[in-house]
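*Asks:* This is the feature table in TrEMBL:
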DOMAIN    6-97  domain 'Acyl-CoA dehydrogenase/oxidase N-terminal'
DOMAIN    200-320  domain 'Acyl-CoA dehydrogenase/oxidase C-terminal'
DOMAIN    349-442  domain 'Acyl-CoA dehydrogenase/oxidase N-terminal'
DOMAIN    447-541  domain 'Acyl-CoA oxidase/dehydrogenase middle'
DOMAIN    616-714  domain 'Acyl-CoA dehydrogenase/oxidase C-terminal'
Amino acid sequence: MSIGISDEHVELAASMRTWAGSLKGIDVARAVDAQPAAAFGEVWASVVEMGVATIGLPESVGGGGGTALDVAVALEACAHELVPGALLSTVVAMSVLAPVMETAPGLAEVLGSGASFGLALDPALAVVWDAPGATHLLLSDADDQWYVVPATAADVTGLLGLDLTRRYGSARVDLDAAGVVRVAGLSGDLVRRTAITFAAAEAAGVARWCLKTAVDHAKVREQFGKPIGSFQAIKHLCAEMLETAEAVTAAAWDVASAAFGDEEQWAFAVDVASVVAFDGAVSVAKSCIQVLGGIGFTYEHEAHFYLRRALTLRGLLGSADEAALSLTASAVAGTRRRVAVDLDGRDDAVREEIASLVDRVAAAGSDQLRAGLVDTGLLTPHWPAPYGLGADAVTQLVIDQELARARVERPDIVIAGWALPTILEHGTPEQRERLVRPSLLGELTWCQLFSEPGSGSDLASLRTRASRVEGGWRLSGQKVWTSVAQKADWGICLARTDADVPQHQGISYFLVDMRSAGIDVRPLREITGEALFNEVFLDDVFVPDDCLVAGEGDGWRLARTTLANERVAMATSRLDKSTERAVALASAGSGSSTGVGPGAGARAGAAVGMTVAERVRIGRAVALSTVCSLLGTRSTLRSLAGQGPGAESSVAKLLGVRNRQDGAELVVELYGDRLVTDDPDVRAAVWEMLNTRCLSIAGGTTQILRNIVGERILGLPR
């Protein structure tokens with residue numbers, strides 16, 4: 001998905017891509033690939049005519065009056081088609097100059113004149129972005145005083161660099177020349193922050209093109225008689241490209257959304273984008289060439305132009321490690337990314353009623369809290385009445401907000417959250433009456449009897465048999481990896497009722513009373529030392545007819561049930577538990593008992609006992625955790641916009657697993673030699689690290705999920 005989520009942004013992106021594609025930017029760049037002073041004048045004339053560079057300028061000087069997010073959507077689309085020339089540097093210059101244009105004589109006229117800008121982030125002027133052909137340069141002196149310098153007051157030497165769709169140059173300027181404008185109110189920090197904000201949008205466009213190009217190629221390129229996209233190695237590589245591209249897009253969207261707002265929040269978002277966007281775009285561009293194979297290594301193919309753009313953006317805008325260090329410092333100081341979801345008045349119709357419901361539940365006291373949540377439908381508001389409210393996305397968010405205001409926490413219904421939707425959607429009235437409300441009240445608990453020793457991710461190959469008998473069925477077989485089976489009252493069970501039809505068609509869905517005769521639950525001790533999972537042996541277990549859900553053979557369809565109203569939730573501003581712990585250790589200086597060990601020489605400027613490399617890793621963990629939260633927010637906004645689910649939810653699962661596993665492992669590493677002690681905090685961290693290893697296995701392995709992402713989201717062949 002692209003940066004834009006609203007209908008307006010989706011339309012803007014589509015129209016911009018169409019227009020940008022018509023410019024044939026790469027063909028233009030090829031024609032002048034040996035000319036250091038090429039200015040791409042015809043392309044720039046089209047940019048000016050289209051008004052792309054001035055989308056964010058005030059209407060008073062001929063601009064579009066748009067937001068930074070509007071600009072980012074346009075830049076992403078232009079980068080998708082690699083529009084050559086001074087677009088990025090001009091947008092950055094105009095964005096920082098527009099707020100102060102009334103304080104500098106003549107500046108408003110420059111901005112409204114169709115000017116193109118070269119940009120220098122370094123006062124030495126050794127590298128000036130888009131200097132050849134620019135009408136003006138935005139630059140500073142060694143004292144961080146900024147100037148707008150007309151091209152007539154600059155001596156520019158063109159540089160033919162890595163990015164063949166842009167030109168850079170060195171410059172010598174006369175700051176006393178006529179037409180030079182001294183600009184008050186600018187700083188190098190503001191200009192760099194703005195440059196990163198809009199360059200991240202370009203990185204998203206590059207990543208999106210590379211992903212699409214690789215996937216399109218994998219669908220049609222054949223080897224060994226099959227499209228290469230059917231091979232798991234290619235499928236996984238493309239799925240990983242999607243994960244990275246979505247992370248880049250989320251970071252680019254967020255930093256543009258935060259731009260020119262709260263300083264602390266914008267700075268945090270800039271650091272996240274710096275860590276994620278540029279390395280991510282480079283990674284996706286390299287993987288694109290890998291999928292393309294030999295053709296991607298040719299000069300004739302466009303792929304290397306995108307790799308060149310991504311590498312250049314990363315090189316110009318500083319180290320991701322520096323941004324990670326800054327993120328660690330911000331997180332230690334208590335900063336977290338807070339993304340507000342603007343309901344735009346759509347909550348007015350339900351806010352008062354929901355607030356009243358919540359207040360009534362909260363006033364009933366802790367003993368009656370759960371019952372109150374169940375009775376009002378607030379526990380599962382997205383479920384249909386009488387067990388929920390049939391709440392749409394807006395209403396669900398209002399409920400979240402009002403419960404948070406009243407400090408009411410909803411209890412986790414755990415596996416009942418998977419079992420009950422199937423009963424609501426496909427069960428009989430008697431099944432719903434008997435099981436749903438008691439489960440919501442916590443009187444009944446559930447387990448899931450799906451996986452078997454030979455049927456984990458390949459669930460359709462299960463062997464547990466269900467044989468027809470008078471009044472019901474007899475189930476025989478073995479289930480494994482069954483959480484809390486030793487405590488559960490009921491289990492949802494898939495069993496084979498017909499062995500003579502294709503695998504998926506011969507499975508039925510049963511509700512099994514876990515106290516039935518013939519059930520033997522045997523705990524499985526895990527690597528944590530605990531026994532959450534179990535083996536469950538079913539030895540001729542009787543299940544009455546009224547515990548078959550839907551019809552015989554419907555099990556596979558039911559196992560994939562989702563309610564018409566999906567759960568929509570507010571993303572939290574907190575980082576995941578392990579990353580928060582890593583930040584706490586950074587605040588304390590170190591988790592280890594000594595300041596010696598590998599990398600001790602890199603501790604300069606860091607707290608005692610914490611290496612620079614460790615603080616960089618913490619910052620990278622903060623960035624990844626933040627991106628996982630942003631993916632959830634974007635998915636919520638998509639629901640609010642009435643759109644179908646995007647790739648964010650699938651990617652959030654994959655990135656979320658990596659985030660939790662890497663974060664937990666980082667904390668253990670930070671503790672160093674304290675791992676051998678009896679410290680309760682250390683023991684908890686070790687347990688968390690070991691426990692998170694199940695996340696890439698349970699509920700479908702990461703590898704199987706990447707197959708699913710490749711086929712269902714990217715459309716790669718089976």
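Using the three backbone atoms N, Cα and C, a Cβ is placed for every residue, glycine included.
All TrEMBL annotations are machine predictions without curation.
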*Asks:* Quick one: find which recorded stretch in 6-97, 349-442, 447-541, 616-714 has the most Cβ pairs under 8 Å with the domain 'Acyl-CoA dehydrogenase/oxidase C-terminal' (200-320).
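*Replies:* Counting Cβ pairs under 8 Å, the winner is 616-714.
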*Asks:* What does DSSP give as the helix, strand and coil breakdown of the domain 'Acyl-CoA dehydrogenase/oxidase N-terminal' (349-442)?
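*Replies:* Split into helix, strand and coil, the domain 'Acyl-CoA dehydrogenase/oxidase N-terminal' (349-442) gives 62 helix, 0 strand, 32 coil.
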*Asks:* Using DSSP, break the domain 'Acyl-CoA oxidase/dehydrogenase middle' (447-541) down into helix, strand and coil residues and give each count.
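*Replies:* Breakdown, helix to coil: 7 helix, 45 strand, 43 coil.
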*Asks:* DSSP on the domain 'Acyl-CoA dehydrogenase/oxidase C-terminal' (200-320): how many residues come out helix, how many strand, how many coil?
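*Replies:* Residue counts for the domain 'Acyl-CoA dehydrogenase/oxidase C-terminal' (200-320) by secondary structure: 101 helix, 4 strand, 16 coil.
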*Asks:* Across the domain 'Acyl-CoA dehydrogenase/oxidase N-terminal' (6-97), what is the average pLDDT of the model, as a whole number?
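*Replies:* The average pLDDT of the model in the domain 'Acyl-CoA dehydrogenase/oxidase N-terminal' (6-97) works out to 96.
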*Asks:* Tell me the residue counts in helix, strand and coil for the domain 'Acyl-CoA dehydrogenase/oxidase C-terminal' (616-714), as DSSP assigns them.
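*Replies:* Tallied per class, the domain 'Acyl-CoA dehydrogenase/oxidase C-terminal' (616-714) gives 83 helix, 0 strand, 16 coil.
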*Asks:* Please count the residues of the domain 'Acyl-CoA dehydrogenase/oxidase N-terminal' (6-97) that DSSP assigns to helix (H, G, I), strand (E, B) and coil.
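*Replies:* The counts are 60 helix, 0 strand, 32 coil.
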